[in-house]
Amino acid sequence: MQLQSNAVTSDAQAVPVLELRGISKGFPGVKALDDVSLSLYPGQVTALIGENGAGKSTLVKVLTGIYRPDGGTIMVDGAETRFQTATDASDAGVTAIHQETVLFDELSVAENIFLGHAPRSRFGLMDWPRMRRDSRRILDRIGARIDPDVMLRDLGIASKHLVAIARALSVDARVVVMDEPTASLSQTEIEELYELVERLKAEGKAILFISHKFDEVFRIADRYTVFRDGQMVGAGLLADTSEDKLVELMVGRAMDQIFPDRTPELGDEVLRVDGYCHPTEFDDIGFGLRRGEILGFYGLVGAGRSEFMQALFGVTTPSAGTITLDGERIAVGSPADAIRKGIVYVPEDRGKQGAITALPIFQNVTLPSLGRISSRGFLQMAEEFRLARKYTERLDLRAAALDQNVGNLSGGNQQKVVIAKWLATMPKVIILDEPTKGIDVGSKAAVHEFMAELAAEGLSVIMVSSEIPEILGMSDRVIVMREGRIAARLDRAELSPERLVRAAAGIEEAA
Amino acid sequence: MSLADGTRPRHVPDHLTSRGQRVIRSWETLLVGVAVLIFLANTWASPYFLDPWNLSDATFNFTEKAMIGFAMALLIISGEIDLSVAGIIALASTAMGYALQFGVGTPGLVLIGISVGVACGAFNGVLVTRLGLPSIVVTIGTMSLFRGIAYIVLGDQAYNGYPSSFAFLGQGYVFWVITFELVVFLVLAVIYGIVLHATNFGRQIYVIGNNPTAALFSGVRVQRIKMILFLLTGLMSGIAAVCLTARLGSTRPSIAYAWELEIVTMVVLGGVSILGGAGSILGVVLAALVMGMVTFGLGLLNVPGIVMSIFIGGLLIGVIALPRLITLIRKGQI
C-alpha cells in the first residue's frame with residue numbers, strides 16, 4: 001500500500017488524459033448528472049462509487065459519446081473536445097466494458113472482437129488470417145486461453161466476459177471504462193482480471209473502474225470518486241480514506257453496521273431434500289431446512305447451485321431424489337407446482353427470469369397470485385391494486401406509480417418488485433439466488449434487513465450467494481457446493497472466509 | 001426497512017397518468033379517428049354508401065375474418081402466430097361438402113366444420129407446444145397441407161346444394177338489417193374482449209408474450225396456454241368456415257384464399273404488437289370496421305380488387321408509421 005501511494009503521488013501532477021468539468025445531464029423529471037467533475041490519469045485506476053441511480057451509468061454514456069451532456073466541458077489531453085457521437089469518443093481513445101456488453105452468440109470469438117472494425121484485405125474483404133492473429137494476440141495479452149475460431153455460444157459466461165474485454169481492447173484505447181467487470185466472474189477469474197488491470201496500468205492506460213465491491217476497490221484502485229444523486233460528493237486518493245468513510249459518503253449517513261443483528265429462533269424442519277441428482281449438473285444433494293432459518297449456499301460460479309435451485313423449483317426435472325415439505329413427500333413437476341406447495345424462487349437473472357420489464361409493477365407483483373385477486377377467473381382490479389400496494393409498501397418500493405413499467409425502475413427496486421411478487425404468495429420457503437447482485441449498497445442493506453425480518457416471522461430462507469461477506473453476515477448455516485456436490489456443511493460458529501474459500505476450491509483443510 | 005423505525009411507507013399512486021390521458025394517447029383513439037375519416041370520405045364519394053341495406057352487406061367484408069382475427073390477436077399477443085387459418089377454412093368447408101353428399105343435415109354440418117377446425121388447431125398446437133417448433137414455420141407448412149387436402153378431394157369440382165337452413169348461418173337476418181353473422185361477430189367481440197382484458201387467462205397471455213421465461217418462472221403454464229390458443233384459433237376458423245360456406249352456398253378448394261394475410265393485417269392494424277405482448281380486442285374490432293368500410297367504399301366506386309389491396313397495404317403502413325413519425329418530429333429528428 002505504501003509503495004503504491006508513493007507511485008501515485010509522484011505522478012499526480014501529470015496531465016489527466018481525460019477530464020470532465022461541470023458536466024450536467026438531465027432527463028424529463030430527473031437530473032441524472034449535476035455539475036460533476038472527474039479526472040482520469042494515465043497509469044492509474046480511478047474507482048467510481050455510488051448507489052444505483054447515483055448517475056454512474058449516465059456518466060459512462062457521456063464518456064463514451066452515447067449521451068450529449070447539457071452543460072460542462074470534456075478535456076482530452078488538456079484540450080477541450082466534444083463527443084457528439086460514439087465514434088468521437090472511440091477516436092479519442094475511450095473504450096468501455098459494460099455490465100452487459102452486446103456480443104453475438106452465432107459469431108466466432110474473432111468476429112466478436114473485431115465486429116465493426118475488422119481488418120480488410122486489399123479487395124475490401126475480411127482479412128481473416130490477420131483477424132485471427134490479432135485476436136489471439138489480444139486474448140494472450142489478457143491471459144485468456146480462448147480459441148478465436150470457437151463460436152461464442154460454446155463459451156461459458158466468464159469466457160464471454162473475457163471476449164468482451166478483448167473487444168474493448170481491440171481498439172487502441174487510452175481510457176478504459178470497466179462497468180462492474182467482476183459481477184459475473186468466479187474468484188479465480190476475478191484474480192485474473194486484477195492482473196489484467198495491473199498490466200493495463202503498466203501500459204499507461206487510464207482506467208475508470210465502477211464497482212459495488214469495496215474490497216476490490218481498495219485492492220486495485222488508486223483514486224476514488226463518489227457520486228450521490230447525480231452529484232460528486234467526494235474524490236481523492238484511496239490511501240487517504242477508509243471503507244467506512246466511503247460508505248458514509250455514498251449513502252450520506254453513517255452506516256455503523258451493514259448486516260442486521262439476528263437472534264434466530266429456529267422451529268421445526270420445514271423442508272427436507274434427499275439425494276437430489278441431475279445427469280450433468282449436480283449429484284446427491286440433501287439437507288434439511290428449519291422454520292425461521294437462513295441457509296446459505298456458497299460456491300464458485302458453475303458449482304451447480306442455481307441449477308439445483310431451479311430443479312427444486314420445478315424448472316428442470318431431477319433424475320433422482322425426494323422433497324419432503326412439512327413432513328409430507330411432494331412432487332414438484334413445474335414451477336406452478338412449487339408455488340402452490342409454498343416454495344418460491346427469486347432468480348439470479350432478474351431481467352430474463354424474474355421481472356417482466358415491459359409490464360407494470362402491479363401486474364408483476366400479482367402474477368403468481370392471480371387466483372387470489374380474482375373470482376371465478378375474473379380479475380378484480382381493486383383487489384389487485386390492494387395486494388400490489390400491500391407488498392410493495394412493505395418493501396419500501398420507490399416508484400412513481402404502480403402502473404409504471406418495471407423496466408423503468410433501478411436494479412434495486414426491480415429486485416424489490418420480484419421479492420414482493422413472491423411474498424404475496426405467502427410461501428413457506430423462499431429461495432433467493434444472488435439476491436443483491438448488481439444492486440446498490442442502500443438497497444442491499446434493505447434486502448438483507450428484510451431477509452432477516454422474514455426469517456424472524458417464520459419463513460425459511462435459502463440464499464445462494466457468491467459474496468463471502470453476505471454469506472457470513474446472513475446465514476445460520478452454510479452449504480458449500482463444488483462441481484455439483486456438497487463440499488462442506490458449516491454451522492454459524494464454524495464460519496470463516498478461509499473455510500468457505502477452501503471448501504469451494506477443494507483445498508484440504510490446513511491442520 | 002423504513003417501516004421498522006416507525007415511519008410511514010412512502011405513498012406510491014396507482015396510476016402515473018389520469019384515465020383521460022391514457023384514453024387520448026391510445027392506439028384505439030387513433031383508429032376511431034381513421035374510421036370516422038373513412039366514413040366521411042365514403043359518404044362524400046358515393047350516394048349509395050349511407051343506405052342501411054348496403055351497409056349491412058358491407059359487414060360481410062369483415063365479419064368472418066374478424067372472428068378469426070380475435071383468436072389470432074390472442075395468439076399473436078402470446079408471441080405465436082397461425083398462418084394456416086385460411087387453409088383450415090378450406091379443409092373444414094371441404095369436409096362439410098363431403099358430408100353433404102351423404103345427406104348430413106345442418107346440425108351435423110356445423111358440427112363437422114367446427115370439429116375439423118378444432119382438430120387442425122390441435123395439430124398446429126401439438127407441433128408447436130410439444131415439439132417446440134416455431135409456429136411461423138409450422139403453420140406455413142400446415143397452410144399448404146390443409147388446403148392441399150382440399151384440392152386432392154375436390155380437384156376442380158365444387159360442392160353445392162347446401163340446405164336452406166344451413167344458408168341462414170351465412171345469409172340470414174336476425175332483425176331488420178342485422179345479419180346472423182354480425183350478431184356472431186358482436187357476441188364474439190364481447191367474449192374475447194372480456195377473456196383478454198378481464199380474466200386471469202388474458203393476463204397470462206400478455207405475460208407470456210412479454211417474457212415467456214419469466215412467465216414460466218412465475219408459475220404460468222406457458223405451453224398449456226399456447227395450446228389452448230391454437231385450439232381457439234382452430235375453433236374460430238371452423239366457425240368462420242361454417243359462416244362463409246353458408247354465405248357462398250358452395251365449397252371450392254380456393255375458398256378464403258390468402259385470408260391469412262388479411263387477418264394478420266387486421267390484427268396488426270388493430271394495434272397488436274407483431275412481436276407479442278401488447279394489443280387489445282377493441283383495436284381489432286375498429287381495424288375490422290376500417291378495413292370493411294374501405295373495401296366496401298372502394299367497391300362502390302368500382303375500384304378493382306388489386307387497387308383495393310394497394311390501398312389496404314398503404315393504410316397499414318401509414319397508420320403504423322404515423323405515431324412513430326409524430327414522435328420523431330417532436331424530438332426534432334426530422
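Just so you know, glycine gets a Cβ as well, placed from its N, Cα and C.
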Among B:70-89, B:90-109, B:110-129, find the range that TrEMBL records as transmembrane segment. B:110-129
Lying 6 or more residues past either end of the transmembrane segment (B:110-129) yet within Cβ distance under 8 Å of it, the residues of that chain are 80, 82, 84, 87-88, 91-93, 95-96, 99, 104, 135, 138-139, 142, 146, 166, 169, 223-224, 226-227, 229-239, 241-242, 245
Against which stretches of its own chain does the transmembrane segment (B:306-326) lie, if we need a Cβ under 8 Å and a gap of at least six residues from its ends? 27, 30-31, 34, 262, 265, 268-269, 290-291, 294-295, 298-299, 334
Report, as numbers and ranges, every residue of the chain located at least six residues beyond the transmembrane segment (B:281-300) whose Cβ falls under 8 Å of a Cβ in that stretch; write 'none' if there are none. 27-28, 31-32, 34-35, 38-39, 41-42, 45-46, 48-49, 54-55, 57-59, 61-63, 65-66, 69-70, 73, 185, 189, 192-193, 196-197, 262, 265-267, 269-272, 307-308, 311-312, 315
Please report, as numbers and ranges, the same-chain residues at least 6 past the borders of the transmembrane segment (B:174-195) whose CB is under 8 Å from any CB of it. 52-53, 55-56, 59-60, 62-64, 66-67, 70-71, 73-74, 168, 201-202, 236, 239, 243, 247, 280-282, 285, 288
Using a Cβ cut-off of under 8 Å, list the residues of the same chain at least 6 residues beyond the transmembrane segment (B:136-154) that approach it. 81-84, 86-88, 90-91, 93-94, 97-98, 120, 123-124, 127-128, 251-253, 255, 260
